[in-house]
Amino acid sequence: QDHPVFCYLPADPGICKAHKPRFYYNPASNKCKEFFYGGCGGNANNFKTRDECHHTCVASAMGRPT
């Protein structure tokens, strides 16, 4: 498996209403995309920065021997 399991979870804003800009990994495009997080609930596919998302979910598949 190339990515951590939580990278495949859908973006989940949770049940609260804080409307915080966050990033999630989109496996279909192999890119990190912005979404708005409510501040509670949700899942682990939720990163404060695009770089953190990229390092965790995109870069984890790069540079591995085939």
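For all residues, glycine too, the Cβ spot is worked out from N, Cα and C.
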Need the cross-check against Swiss-Prot: the disulphide partner of C40, picked from C7, C16.
C16
Could you tell me which of these disulfide-bonded residues, C7, C53, has the fewest other Cβ atoms within 10 Å of its Cβ?
C7
Rank aside, I only need the closest one: which of the disulfide-bonded residues C7, C16, C40 has its C-alpha nearest to that of C53 (disulfide bond)?
C7
When distances run from the Cα of C32 (disulfide bond) to each of the disulfide-bonded residues C7, C16, C40, the nearest one:
C7
Long-range Cβ environment of C40 (disulfide bond), under 8 Å and at least 6 residues apart:
G14, I15, C16, A18
Reported in the order helix, strand, coil, what are the DSSP residue counts of the domain 'BPTI/Kunitz inhibitor' (7-57)?
10 helix, 15 strand, 26 coil
